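Undergrad: Pasting the relevant annotations from Swiss-Prot:
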- 31-44: compositional bias 'Low complexity' (COMPBIAS)
- 123-452: domain 'PI3K/PI4K catalytic' (DOMAIN)
- Cys173: S-palmitoyl cysteine (LIPID)
- Cys174: S-palmitoyl cysteine (LIPID)
- Cys176: S-palmitoyl cysteine (LIPID)
- Cys177: S-palmitoyl cysteine (LIPID)
- Met1: N-acetylmethionine (MOD_RES)
- Ser5: phosphoserine (MOD_RES)
- Ser9: phosphoserine (MOD_RES)
- Ser43: phosphoserine (MOD_RES)
- Ser46: phosphoserine (MOD_RES)
- Ser50: phosphoserine (MOD_RES)
- Ser461: phosphoserine (MOD_RES)
- 1-57: region 'Disordered' (REGION)
- 164-177: region 'Important for interaction with membranes' (REGION)
- 267-275: region 'Important for interaction with membranes' (REGION)
- 304-312: region 'Catalytic loop' (REGION)
- 358-367: region 'Important for interaction with membranes' (REGION)
Amino acid sequence: MDETSPLVSPERAQPPEYTFPSVSGAHFPQVPGGAVRVAAAGSGPSPPCSPGHDRERQPLLDRARGAAAQGQTHTVAAQAQALAAQAAVAVHAVQTHRERNDFPEDPEFEVVVRQAEIAIECSIYPERIYQGSSGSYFVKDSQGRIIAVFKPKNEEPYGNLNPKWTKWLQKLCCPCCFGRDCLVLNQGYLSEAGASLVDQKLELNIVPRTKVVYLASETFNYSAIDRVKSRGKRLALEKVPKVGQRFNRIGLPPKVGSFQLFVEGYKDADYWLRRFEAEPLPENTNRQLLLQFERLVVLDYIIRNTDRGNDNWLIKYDYPMDNPNCRDTDWVMVREPVIKVAAIDNGLAFPLKHPDSWRAYPFYWAWLPQAKVPFSQEIKDLILPKISDPNFVKDLEEDLYELFKKDPGFDRGQFHKQIAVMRGQILNLTQALKDNKSPLHLVQMPPVIVETARSHQRSSSESYTQSFQSRKPFFSWW
């Protein structure tokens, strides 16, 4: 964000929901000798420093007391000025976030974002996650508990401020293999939010709620220029408030990125899948896992996730604990285990074409035994009525358009290509569900692209053209 940012300066507006200590509300120490008694007219000598008063006749002790009182008054004024500057910075920071982080359609999510903003103002900063190839952060609340995962746009694997040196080394030493030519670079945060949108529209409920959020924190990876400018502006606001109040932005610039709610009690799917292979699940519990797995398949296939391994989707297995207090009772509550799946790391989805160069980016869940089981009737009843309705698909496209156009580098032509791939995926999925196929058979279907047909005549209904992609990647298994 540049210096011409439309953000409001701290003196123009204040948020109604946050209050900060103001100068008038501060309690300052009483200064001895600070009060001056004004004598009545014509009674007694004039007070010191009044017109007509001879300073040479004033006792030296009174002069010293007056000087000390004046010095203490200046000290209190300086402290008040510093408090005012700090309050202005805090007000401006919250005002900056509030202008962009409003989610009236999801008040619960907005509460979590507010908790993150308050924690940052209390110097409880997000903590960088050292796994992965991008800059991602655990966001905490004022109690220090992890509440979300934030992934800034400019710290993505191909962002200019990615703190991980591996991608920088790959870009420097092997530029021909840098990036994925089937993806729109530096739109991972939109892909994360888009996957959450598709999940909610289809009522899959496996993606933790994710939205586009603006946050600023000392622990984020900023350029040296941004940090120097931030320190200079804060210093100017503290020392010369009249000058500092002219800045459009105080502090570090907010970063735009994906804000995904943190889920507790989950582990990598690879851990539980190995465990279930050694210790087979009961029939009812295994069916729960299969139903959750099918939802993951539907989501990944529609958004064409190019980065789905068994280490970036999660499983939560709540099994009944052996309670020793219940052994001697006549009544024992028998509770079946509960299995849930969470689909995270959706930042490399929504390609503008099917992979056709070096790598195929396959779905690694296709090699699991669950992928060989035909789709259940439950997933058919949940998904088929939606994706078979052209109006539903059109609404989904419009919602994705409203989300993706927020990016400064948004390109309408690229977006139409992304939607064409998604339409083809939906077409294949619809046919697979109707034909009672399995997830393994689904991924073996030829990739399809469904584009909007261009017509010189205006029509109330759109027509589409379907095409198959014949070119295959060099490595079909990688």
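Any Cβ shown, glycine's included, is placed from N, Cα and C.
Note that this is a predicted model, so its numbers are computed, not measured.
Context for these features, please: burial, neighbours, distances.
TA: Taking Cβ pairs closer than 8 Å, the region 'Important for interaction with membranes' (267-275) reaches residues 310-317, 341, 368 in its own chain, all 6 or more past its ends.
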Undergrad: Going by DSSP, how much of the region 'Important for interaction with membranes' (267-275) is helix, how much is strand and how much is coil, in residues?
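TA: Summed by class, the stretch gives 7 helix, 2 strand, 0 coil.
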Undergrad: Which sequence-distant residues neighbour the region 'Catalytic loop' (304-312)? Criterion: at least 6 residues beyond either end, Cβ under 8 Å.
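TA: Tertiary neighbours of the region 'Catalytic loop' (304-312) are 180, 182-183, 195, 268-270, 273, 344-351, 354-355, 361, 363-365, 368, 421-422, 425.
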Undergrad: Tell me the residue counts in helix, strand and coil for the region 'Important for interaction with membranes' (358-367), as DSSP assigns them.
TA: 4 helix, 1 strand, 5 coil
